[in-house]
Amino acid sequence: MAPDGDAARGPVYDLVAEVLVGVAPEEAADLPLVWEAWRRNPVPPSALHDRERLLGSGLAGELVTWAPLVVSFLGTQVVGGAMVDAAKDGLRSRSRNRIRSWRDRWRRRRGRAEVEGSVPRLTPAEIRDLAAEAERAAVAVGRTPEEARVLGDHLAGVLTRRAAA
Amino acid sequence: MGAGELPTSTARTAHGSAARPFLLPPPSTSRFTLTQLSLAAAGLFAASWFLVLRPGSTRVTTSGGSCADVGSPAPTASPIDAFLACSSDALAGEAALVLVGPVALAVLASVGWFLAPRVLTRWWRDLDLEPPGPRHDALDRLAREEGLEHLPTWYRTVRTGAWTYGRWPRHRVVVGLDVLTGFRGDKDERRWRALISHEVAHLRNRDVDRTYWTLCAFFAFLLIVATPLVVDAFVSSRVGPSLSWRVVAIVLVVVLSVAAVLRTREHDADLRAASSDSGGMREAIAWSLAKREPSSRPRWLRTHPRDAERLAVVDDPSRALWISPVEFLAAGIAAGVVLVELPAVLEGLLEATPGGAVTAYLVAGWLTGLPLVGVVGLASWRAAVAAADTGTRAPRGLVPGVALAAGLLAGSQIAPRSSAAWVTVFATSGDRAFSPRLGNVAVPTALWLVAVLVLIGLLFVTWSVAMGEAFTTSRRPVDVRVARHVLLGATVLCVPLGGWFLALRLAAADAVDPATLAASFVGYHALEALLVVTLVAATALAWCTSRWLVLPGAIVAGVALAAVVLLPVAVPTREDPRAGGANLALPAFPQAGNACLWLMHVRPLDGDPDYQRRFGAALSATDDALMREIGAALVASADDPDGAAALSARTALVRRCDAFSTGR
């Protein structure tokens with residue numbers, strides 16, 4: 001199924017593209033495909049990879065390219081509202097994230113996740129939190145800590161540049 | 001496409017010789033058969049429990065008071081004939097009811113398997129059809145190169161990895177975008193290509209439908225067998241704990257079998273994919289191994305093998321073909337459970353046949369032998385072929401043979417039917433609600449039974465390994481050879497297996513000794529059957545292998561089995577405790593039930609015409625109309641105690657007494 005085109009893209013897509021180019025430039029060409037697939041079925045990073053899916057191949061998900069993880073993480077954070085809320089509240093707690101995750105899952109079931117968000121300007125502390133969250137998500141889907149740190153660093157760099165602009 | 005038409009994979013072992021993992025049906029087929037066997041056994045008992053044994057339901061269907069009502073026979077039939085026809089119908093109906101268990105499981109599993117693709121597509125929600133284009137063409141091209149006749153439908157998902165589902169011939173392969181975006185059909189993309197080839201290999205191995213059917217059957221088993229049995233056992237009777245741990249044991253065997261199916265199919269798919277790429281599958285597994293910590297879940301509960309195991313098997317395919325004693329043990333357990341339950345069913349269906357009990361056990365032995373040979377025989381043959389291919393030592397039968405025997409013994413005791421003396425638990429249980437518990441058998445007889453079973457296991461596995469060598473020499477199509485070997489193996493197994501389980505039942509029920517058991521086999525002409533079957537099997541073996549050296553081995557095996565059965569004949573038969581009854585005067589039986597007690601505990605009808613005449617006359621004065629008819633028939637047929645009329649009268653007498661003993 002072909003992507004809807006530029007109309008489906010916006011600030012979040014641009015952010016994702018910027019981060020992905022930093023992490024894995026060779027995957028930039030596949031981004032529209034992955035973005036479109038995620039937009040129609042917005043799964044969070046935690047649902048990307050089941051360690052031992054009953055009928056899957058059972059091989060490690062580390063064969064993955066970066067694009068699904070970056071799209072899913074930033075898409076969930078921004079479109080799902082986490083970054084927006086974080087910018088408003090200046091504080092995020094794990095329990096609130098959990099409630100938000102349930103809410104998002106319910107919204108997805110109801111087909112309500114097709115909402116494009118805008119990328120807020122974050123404070124340095126919020127950027128650090130988000131980068132740490134990205135590293136945790138990467139490790140959870142099977143990336144090594146070193147690889148996860150690359151993602152966190154790039155994300156922090158992009159967001160810092162944007163905040164300073 | 002038959003197994004014989006599949007392209008034969010060859011892979012080099014570390015020794016440089018070629019192993020052929022797909023010359024015979026791969027190991028996952030054996031695990032699949034084993035799971036079906038276990039499920040069938042549990043289904044048989046559940047139906048027996050709910051539809052036959054439980055109080056209340058038995059009165060509706062079994063032979064009982066309604067058949068004994070001689071006031072309404074058909075005008076043309078004698079009361080005894082009418083009673084026999086009525087009770088035979090009821091017993092056959094009861095037996096047929098027991099088949100409801102496995103049939104219900106099979107139907108539910110089939111419905112689940114049929115609906116699964118649609119349900120799963122809706123459940124996963126995030127699957128998109130791979131649109132036509134270069135990537136779709138590359139996927140199709142890969143599937144064709146791998147030898148698929150029916151191309152699958154390709155789906156993509158934002159989730160990672162790849163998996164396969166659907167029904168033949170419209171299978172679906174889901175490929176995660178993480179894999180898909182790395183795959184453009186270029187053969188240099190070996191890791192990505194290997195992941196997709198692995199899924200295609202599941203289709204080439206034809207294990208997708210089997211696996212989904214197995215999973216559906218497993219969930220059906222949990223739903224309609226395991227849960228209701230445990231709950232009902234505790235709620236409705238006093239055999240709860242005794243029955244429930246057995247149900248739990250069977251659940252465990254089924255769970256482990258299902259997990260084994262899932263694990264083994266991954267090895268098979270790895271090997272199939274590795275057979276047609278140039279190291280991509282190995283590279284993908286090695287990558288996976290290097291990237292993550294091994295799962296801490298115990299091996300037996302894992303649905304996928306560890307990466308290290310997968311790598312070892314891809315490097316040396318013969319590892320997947322080695323004999324696993326655990327597999328033999330599990331197969332023995334499942335077969336043991338079936339061999340306790342199935343004869344009861346067949347006995348009911350063969351109720352009107354002379355020698356029906358022995359026939360039922362032989363038929364049950366053959367029917368159970370088919371899947372059993374499909375597990376242990378096939379495993380032996382694969383191991384023999386692998387040993388011949390790689391130049392290693394042929395497998396020995398000792399440990400697997402003992403494991404098979406131990407499994408059969410454990411299965412006979414795990415069978416839920418062994419959990420109680422049913423006649424004492426449910427007053428309405430008939431005599432066929434037997435309990436083959438080894439604890440009811442005298443110690444010397446139990447030891448003899450165990451020794452015979454171990455010998456059967458050893459001889460059969462040794463024979464199977466010898467048969468496996470035939471696959472390395474015969475030029476006939478593999479499908480034909482496998483089918484012929486399975487049929488032959490079941491035929492070889494049916495007499496010892498059926499005979500052993502009949503012996504266990506008799507020993508547990510009547511506390512008879514080995515000599516009496518052996519004598520009863522000779523009396524049923526089972527010995528002749530054993531010799532004929534062995535000779536036929538040996539001849540067929542020689543014919544299909546063209547290896548005449550195997551013939552003496554088969555004859556020795558047959559003679560050894562015959563000797564095992566005959567040996568106790570040399571031991572003096574224990575005196576029947578009821579023999580003294582011949583010296584007692586026959587009392588009057590105003591109540592018919594007392595006549596039955598006399599037969600059971602004082603003196604049975606032993607072929608003495610005078611005793612039969614006097615007993616018949618005594619029955620003629622009882623308070624039961626049917627017993628009076630039977631008494632008259634016994635008197636009239638006393639001069640010909642082996643004639644048809646005497647046989648009918650005695651059969652009617654046994655069934656009427658059974659009805660008395662169960663309060664009907």
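Using the three backbone atoms N, Cα and C, a Cβ is placed for every residue, glycine included.
Nobody curates TrEMBL annotations by hand; they come from automatic prediction.
Taken from TrEMBL, the feature region 'Disordered' covers B:1-20.
TrEMBL lists B:95-116 (among others) with the feature transmembrane segment.
Per TrEMBL, domain 'Peptidase M48' is recorded for B:136-316.
Tertiary neighbourhood of the transmembrane segment (B:212-231): same-chain residues 32, 35-36, 39, 42-43, 45-46, 49-50, 101, 104-106, 108-113, 116, 165, 243-244, 247-248, 250-251, 254-255, 258, 261, 416, selected by CB-CB distance under 8 Å and a gap of 6+ residues from either end. Annotated transmembrane segment per TrEMBL: B:212-231 (among others), in sequence order.
Beyond the transmembrane segment (B:243-262), the same-chain residues lying 6 or more positions past its ends with a Cβ under 8 Å from any Cβ of the stretch are 28, 31-32, 34-35, 38-39, 41-42, 210-211, 214-215, 218, 221-222, 226, 229-230, 233-234, 237, 300-304, 327, 330, 333-334, 337, 414-416, 418-420. The transmembrane segment annotation in TrEMBL covers B:243-262 (among others).
Packing against the transmembrane segment (B:320-340) from elsewhere in the chain are residues 19, 21, 26-27, 30-31, 34, 37-38, 40-42, 44-45, 250, 253, 256-257, 260, 264, 267-268, 271, 313, 364-365, 368, 371-372, 375-376, 379-380, 382-383, 385-386, 395, 399-401, 403-415, 417-418, 436, 457, 461, 497-498, 501: each is 6 or more residues past its ends and has a CB under 8 Å from a CB in it. The transmembrane segment annotation in TrEMBL covers B:320-340 (among others).
Here TrEMBL flags B:360-385 (among others) as transmembrane segment.
The annotation transmembrane segment is assigned in TrEMBL to B:397-415 (among others).
Look at TrEMBL and you will find B:446-466 (among others) tagged as transmembrane segment.
The feature transmembrane segment is assigned by TrEMBL to B:486-509 (among others).
Per TrEMBL, transmembrane segment is recorded for B:521-542 (among others).
Per TrEMBL, the feature transmembrane segment maps to B:549-571 (among others).
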When counting C-beta pairs under 8 angstroms to the transmembrane segment (B:360-385), the leading stretch of B:95-116, B:397-415, B:446-466 is B:446-466
Other than its close neighbours in sequence, what residues sit by the transmembrane segment (B:95-116), given a CB gap under 8 Å and a spacing of at least six beyond its ends?
39-40, 42-48, 51-52, 61, 165, 167, 209, 212-217, 219-221, 223-225, 341, 344-349, 351
Using a Cβ cut-off of under 8 Å, list the residues of the same chain at least 6 residues beyond the transmembrane segment (B:397-415) that approach it.
41, 45, 246, 249-250, 253, 323, 325-326, 328-341, 376, 379-380, 436-438, 450, 453-454, 456-462, 464-465, 497, 500-501, 504
